[in-house]
């Protein structure tokens with residue numbers, strides 16, 4: 001087992017990465033201090049892993065309740081969130097009750113938001129079961145739900161007590177979900193570590209096959225990068241925005257297509273290709289770097305051609321973005337591989353990238 005630390009002073013917490021962790025009650029002991037625990041999971045993950053986590057909590061003498069949510073991005077909304085609140089209230093949960101988020105990014109985001117809101121804040125533990133949530137969304141304290149007009153527009157910063165990433169859970173991931181997680185892995189290399197990006201290029205075939213040793217290394221390095229950024233800028237006042245590389249375009253794709261049509265990682269992957277093209281148009285990265293990002297994204301079985309929403313519709317959707325200021329869209333672009341920055345861009349270049357993004361190159365194919 002590998003343990004990393006998210007250094008946030010009194011709110012610091014560990015990230016445990018390894019195999020066989022769901023059945024390790026001692027990992028939970030320091031982080032579930034009250035008598036009651038509520039596991040929040042979904043219809044897919046619950047039947048696979050909830051009993052194991054429940055047994056660990058009961059081994060610690062805790063009273064445990066399991067809340068099972070519908071599965072999918074389309075359910076990341078108020079009505080689903082209220083299912084968590086209903087369960088907490090009916091169980092008489094108090095401020096020492098610990099919530100345990102057992103699932104992917106949707107479960108983690110909603111459980112964290114419920115923990116931030118219930119009685120103005122109760123503790124929670126992240127137990128991510130998808131690659132995307134293990135390398136990205138479980139770390140950093142961003143919680144929230146979607147609104148029909150924009151992704152993650154309603155939420156709060158609420159740090160978990162711990163993150164427990166059991167690599168064994170990745171074995172049950174469908175190929176599409178695994179690919180979606182690879183988008184965030186690639187992102188971390190692109191924005192912060194060119195050597196890591198090159199390592200992903202060399203090992204992409206084995207990563208696509210979910211090689212456990214390589215997956216553990218990818219989760220570790222991605223968490224190191226994200227934890228380092230979060231420690232410097234917890235509430236996205238500046239540096240943390242670089243973690244949104246590909247997300248301005250990606251969130252527009254998700255909202256424009258309807259939440260759940262594209263997985264978040266699929267939209268981010270395509271968004272990174274678009275952001276790389278825009279970085280190239282503005283003279284920051286060379287043709288080779290743009291091609292490497294596109295080729296690695298495609299090799300990870302992610303879409304590289306954007307849906308045809310219309311240029312004006314894309315721009316309209318991107319204006320509903322947390323980074324936008326006074327209607328001005330901000331993008332995370334690359335100065336070079338391994339170094340990102342936030343900026344506004346000329347309208348003509350943005351429109352050129354959007355026009356190019358929907359075109360299928362004759363030598364490449366869109367990955368469904």
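Glycine too: its Cβ is placed from the backbone N, Cα and C atoms.
The NAD(+) binding site feature in Swiss-Prot is assigned to 71-76, 105-109, 129-130, 142, 151, 169-172. The feature Zn(2+) binding site is assigned by Swiss-Prot to 184, 247, 264, with sequence analysis given as support.
On the structure: features taken from Swiss-Prot.
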residue : record              : Cβ contacts under 8 Å, 6 or more apart
71      : NAD(+) binding site : 42, 43, 44, 45, 106
74      : NAD(+) binding site : 258, 259, 260
105     : NAD(+) binding site : 128, 130, 132, 133, 136, 137, 138, 264
108     : NAD(+) binding site : 101, 126, 128, 133, 137, 138, 143
169     : NAD(+) binding site : 22, 48, 49, 128, 129, 130
172     : NAD(+) binding site : 48
184     : Zn(2+) binding site : 131, 132, 135, 136, 222, 265, 268
247     : Zn(2+) binding site : 268, 271, 332
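Residue 130 (NAD(+) binding site): 28 other CB atoms within 10 A of its CB, across all protein chains. DSSP gives residue 264 (Zn(2+) binding site) a helix state. Within 8 A of the CB centroid of the Zn(2+) site residues 184, 247, 264, the other residues of that chain are 132, 136, 137, 183, 187, 246, 250, 265, 267, 268, 271.
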